């Protein structure tokens, strides 16, 4: 209440202060939408709001007219904008302020959100009562977002909830007739199965001896083999170490405990994630996918001829293969590489229909569409 009464220009101060508080709530809570909210995570805090209120007070006391442009610049470029490092995020912050702080706010015509007009001159308790009565239920609409923006946030929340429930389950499993399988037995059976299925590492020196000319495609194959060796060697090392720990031949360390918990809960261990490709799959699906990637690499490095259709999503670094396509085409036609661009045409064939790679470029598969599908009949995306 003291803050609301500190300025002599009561109407202007209260209106802009209320809009500023609503703006602060939006920018602070918008981070829950992930990259759809802000491209980067920013530490907006109550201190930004407090300083902005002081700036608002000083400007209103010193000026006969309300300096809307100056206030928007100070809030959006300095107070809150001081945290922002992305140009698109800066543009978003500026747009919010242009919508909330403008001359119409003093004429009683400004809607902060659908069904939520800016209130008039009230006291502290009156504003609280107004917010309780008039503020719509929280939804993406209040942030100016489409309702679908909430899908990712709700999915992440649900996964976190189920993960916690899973971690609270009993460690031992009853098999009926009084037989109980302990966590150690479950983990031991799983790690033995994984060690048995995991192929040997690629012999890079032997592979290099088979190659006469290191073309861009072959360089990509070597890079992928090296990355795969780093990942598979870490998997084997950690699994063998844990096996010795379970047998009592090594002292159990915190890393071994974490690996044991991850295997039991069907999640990919952190030490594997650091050396692996991006994936959100559970451990069983992830490991099956890993074996498929290794087989693809083995087929490619057998004779180093480019596969008829390349599984682009199966690479650690798909961008390197796209660059190799441009390098190969540029060398073949003696074109400048810096002027090369990629073009993607969707065919009506499946990967099995291709017997050999194209004369230029490459056939690739493994793409996914989010929120749409590809209509092969009309050759376009359909929502």
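From the backbone N, Cα and C atoms, a Cβ is placed for every residue, glycine too.
What TrEMBL says about a protein is an automatic prediction, not a curated fact.
From a predicted model like this one, the values you see are computed outputs, not experimental measurements.
TrEMBL lists 181-208 with the feature coiled coil. Here the coiled coil (181-208) has long-range neighbours at 171-175, 222, 225-226, 228-229, 232-233, 235-236, 239-240, 242-243, 246, 260, 263-264, 287, 291, 294, 297-298, 301, meaning same-chain residues at least 6 beyond its ends whose C-beta is under 8 angstroms from one of its own.
Taken from TrEMBL, the feature domain 'Dynein heavy chain AAA lid' applies to 13-149.
Residues or ranges marked as domain 'Dynein heavy chain C-terminal' in TrEMBL: 155-377. Averaged over the domain 'Dynein heavy chain C-terminal' (155-377), the predicted model has a pLDDT of 89.
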- prompt: Looking only at the domain 'Dynein heavy chain AAA lid' (13-149), what are its DSSP counts of helix, strand and coil residues?
  reply: 88 helix, 5 strand, 44 coil
